[in-house]
């Protein structure tokens with residue numbers, strides 16, 4: 001027998017009261033986006049559960065994708081059969097023969113939304129249990145915590161059988177907590193920060209700063225690939241490429257070396273905040289971890305934060321590097337993050353960055369530059385690409401292929 005659909009149960013949505021259907025509709029759309037790589041799969045949702053109809057798609061692959069989607073508590077693969085007692089008896093016998101191993105216990109759990117069906121739930125449990133005994137005479141029934149709980153549901157259109165429950169990712173559906181702008185470099189930390197924001201329902205847009213010719217097409221592609229890895233948790237993500245060469249050259253020419261990193265981060269924060277305002281975001285998210293590098297001190301964060309009143313979320317701020325790496329490996333971003341392409345934060349990095357920069361000094365050095373003009377030109381030059389779970393070969397891929 002082949003699975004016909006996957007029955008999906010919701011996570012924290014049960015606590016959302018009058019907003020429940022808004023959360024459910026968002027989750028349905030997210031599931032549809034993530035499963036868009038399987039065109040034949042169709043997704044529906046109601047107040048109690050969602051259904052992914054396989055229509056011939058490979059169950060194992062679809063299930064692996066579903067495991068990542070935030071907002072799902074658990075799900076079960078389901079067999080759809082004709083709504084008749086004889087067909088049901090034959091189906092439970094076939095299923096039990098496939099999965100039963102010596103010494104296992106079982107029970108039948110039936111329920112029906114079609115109350116015109118010829119047997120009630122108790123009678124159906126007894127009838128189907130008897131069919132199992134016919135197929136496997138020595139099998140034992142156990143009502144509490146059996147090895148196999150074969151669930152049977154009688155609906156108006158058909159009967160459905162399942163025996164397996166698979167844990168989902170939990171969390172909230174992406175997009176139900178508002179939008180945030182993720183400052184995405186090419187490193188290990190920022191994709192993990194994005195992942196943790198997604199888990200709490202934040203719809204992220206990835207802001208990446210590129211400084212050609214100092215940063216390569218490979219660095220840009222790396223950031224896009226990291227973004228694509230994050231789409232599996234809630235669907236498509238807008239990737240915003242910011243031209244940053246002019247600003248970095250200006251900082252390099254007009255500021256002392258010790259303040260290069262501080263000023264660079266202040267400009268990045270200004271630009272990200274301007275993009276957030278235009279695109280109706282609520283927060284800025286980054287991958288800073290306290291004390292991990294010389295520029296990520298509380299004094300440095302204070303100096304960088306000073307250019308905006310927008311809330312800054314730093315999901316990994318209290319984590320050790322090894323904790324962050326563990327998550328990066330779990331979400332499959334680590335191997336991409338360690339590819340040897342330099343990003344904006346490393347190309348002009350000073351040997352001894354200021355660990356306790358003063359806001360007054362930063363403002364004094366910025367007074368030598370046309371800050372507003374630099375920010376406006378950078379924002380005017382952004383390029384936005386929608387990143388989907390399905391990778392498409394693009395010009396950067398072709399360029400890298402030629403270089404290799």
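For all residues, glycine too, the Cβ spot is worked out from N, Cα and C.
For reference, Swiss-Prot has these:
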DOMAIN    60-165  domain 'THUMP'
BINDING   183, 184, 208, 209, 265, 287, 296  ATP binding site
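Distribution of Swiss-Prot features across the structure.
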residue	record	CB count, 10 Å
183	ATP binding site	24
184	ATP binding site	28
208	ATP binding site	27
209	ATP binding site	26
265	ATP binding site	25
287	ATP binding site	25
296	ATP binding site	22
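Secondary structure at residue 265 (ATP binding site), taken from DSSP and collapsed to helix, strand or coil, is helix. This prediction places the mean pLDDT of the domain 'THUMP' (60-165) at 95. Secondary structure of the domain 'THUMP' (60-165) per DSSP, as helix, strand and coil residue counts: 37 helix, 31 strand, 38 coil. The record assigns 183, 184, 208, 209, 265, 287, 296 to the ATP binding site, and the maximum Cα to Cα distance across that set is 19 Å.
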